[in-house]
Amino acid sequence: MATERHYSPLDRLLLQADTAMRTLLPFSGQPARPSPAIIQPDATLDEQQTRHIAGLMRINHTGEVCAQALYQGQALTAKLPEVRKAMEHAAEEEIDHLAWCEQRIRQLNSHPSVLNPLFYGMSFGIGALAGLVSDKVSLGFVAATEHQVCKHLDEHLEQLPQEDEKSRAILEQMRVDEEQHAESALEAGGYRFPAPVRFGMSLLAKVMTKSTYRI
């Protein structure tokens, strides 16, 4: 029977540092699944369309950076081993999204947001604090965050030019995965946040989307 490996505080700190570097450094995240975009045809896009799509994908990439940091912060302070494992597993799945978005941004001759380190640090702190409060709150925060991400994805899918099938394929698969993460968090006992808290989270999300669209 396989035994569970126990990590020391130093081990966990080094693992967190490794994850942060793989999240923030260019081309560091290696997806477990190929990008849904690879089987889609190239589209002829004008300069304005290309800039707009790159801005949308930059927002989504930063959103995945935040998700990585959130999950890692929660995993660090989670009280139950099964909750910690769930957070770490979700973070691994988000690596796919991170890599897909970066690949698409590069294809559009653009770059990820320079604000990613700032948002990573903020999200890591929020995740760690949520985990310190309780696993129930931590899981609830995951669900609320993922529902907010799904809302952004829906908005971006509506804004994409019809001919950009590559970006659309990526966002549609992300939408499926994020909804599953949200439902899994609630099924695991996550707290359903009241409307005022969700509204506050949406305001913070708007700060991120407005700032990362261009830089």
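Positions of Cβ are set from backbone N, Cα and C atoms, glycine also.
Following the DSSP three-state reduction, the secondary structure of GLU178 (Fe cation 1 binding site) is helix. In this view, GLU178 (Fe cation 1 binding site) is surrounded by 26 other Cβ atoms within 10 Å of its Cβ, with every protein chain counted. Feature annotation from TrEMBL assigns Fe cation 1 binding site to GLU64, GLU94, HIS97, GLU178.
According to TrEMBL, the feature Fe cation 2 binding site maps to GLU94, GLU146, GLU178, HIS181. Spatially close to HIS181 (Fe cation 2 binding site) yet at least six residues away along the chain are ALA90, GLU93, VAL142, GLU146, judged by Cβ distances under 8 angstroms.
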